[in-house]
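Here's what TrEMBL has on this protein:
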BINDING   GLY28, ALA29, GLY30, LYS31, GLY32, THR33, ARG144, VAL190  ATP binding site
BINDING   ARG54, GLU76, ILE77, VAL78, GLY103, PHE104, PRO105, ARG106, ARG151, ARG162  ribonucleoside 5'-phosphate binding site
BINDING   ASN110  CMP binding site
REGION    48-78  region 'NMPbind'
Amino acid sequence: MWNRLFGPVRTYIAKMLPEVVFVLGAPGAGKGTQCTFISKEFGFIHLSAGDLLREERQRPGSEYGEMIEEKIRNGEIVPVEVTCSLIHKAMEKSGKSRFLIDGFPRNKDNLEGWERVMSDKTKLLFVLFFECSRDLCTDRCLGRGAAGSGRSDDNIESLKKRFNTYLNDTMPIIDHYDKQDLVCRINAEVSPQEVFADVKKCFTALGIQSIDK
């Protein structure tokens, strides 16, 4: 009887949960560019874990600023409690219900922290994974730095550390979600337009329509 009464309520609540797509890939794989395209096409709010951390680092009086700067400069990963807190605040502040979370979760600690803190507050749709060679990603990041990106980690030494972190810590996350059949793999070595053509298929396969329709 209780299941009959409250089952529809639970279903309704589940439908109301914010929907999330994790966006992962090596540094320079084009995650930010594609997130911009996705936001315009499908109305998802783009939340970059890295950007949120950089903003917090620069916020006057931040208790985490110095620690975040050191972690980013050394190509290391910021404690999950800090990152999850910043993501959750940004989601609530937006007032929206669909989000791209770019550059997260990046390691096992991130994954466990998200599942512990956020899994009952959100619904994960899938993981968008951009595959790109190390050489091409390095060239893109160095070019971005030379063009004045202002990022302290767009240099060869930081990139070496970031790639090691990516290979050792982030790839197991892809394997984890692969086992759940939640990963949409994208070849990110072609033009941004060609990449986005494949990206759109991941969303339309779930029945997610363009906001122009």
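Here the Cβ of each residue, glycine as well, is placed from N, Cα and C on the backbone.
Each residue of the region 'NMPbind' (48-78) gets a DSSP state, and the totals for helix, strand and coil are 19 helix, 1 strand, 11 coil. Considering only the binding-site residues ARG54, GLY103, PRO105, ASN110, LYS31 (ATP binding site) has GLY103 as its nearest partner by CA-CA distance. Between GLY28 (ATP binding site) and PRO105 (ribonucleoside 5'-phosphate binding site), the C-alpha separation comes to 17 Å. In space, ARG144 is the closest of the binding-site residues ALA29, GLY30, ASN110, ARG144 to ARG151 (ribonucleoside 5'-phosphate binding site), judged by Cα positions.
GLY32 (ATP binding site) counts 16 other C-beta atoms within 10 Å of its own C-beta, drawing on all protein chains shown. Computed over the region 'NMPbind' (48-78), the whole-number mean pLDDT of the model equals 88.
Take the CB of THR33 (ATP binding site) and look out to 10 A: across all protein chains shown you find 15 other CB atoms. ALA29 (ATP binding site) sits 11 Å from GLY103 (ribonucleoside 5'-phosphate binding site), counting Cα to Cα. Counting other Cβ atoms within 10 Å of each Cβ, the lowest count among the binding-site residues ALA29, ILE77, VAL190 belongs to VAL190.
Close to ASN110 (CMP binding site) in the fold, though at least 6 residues off in sequence, lie ILE77, VAL80, THR83, PHE104, ILE173, each with a CB less than 8 Å from its CB.
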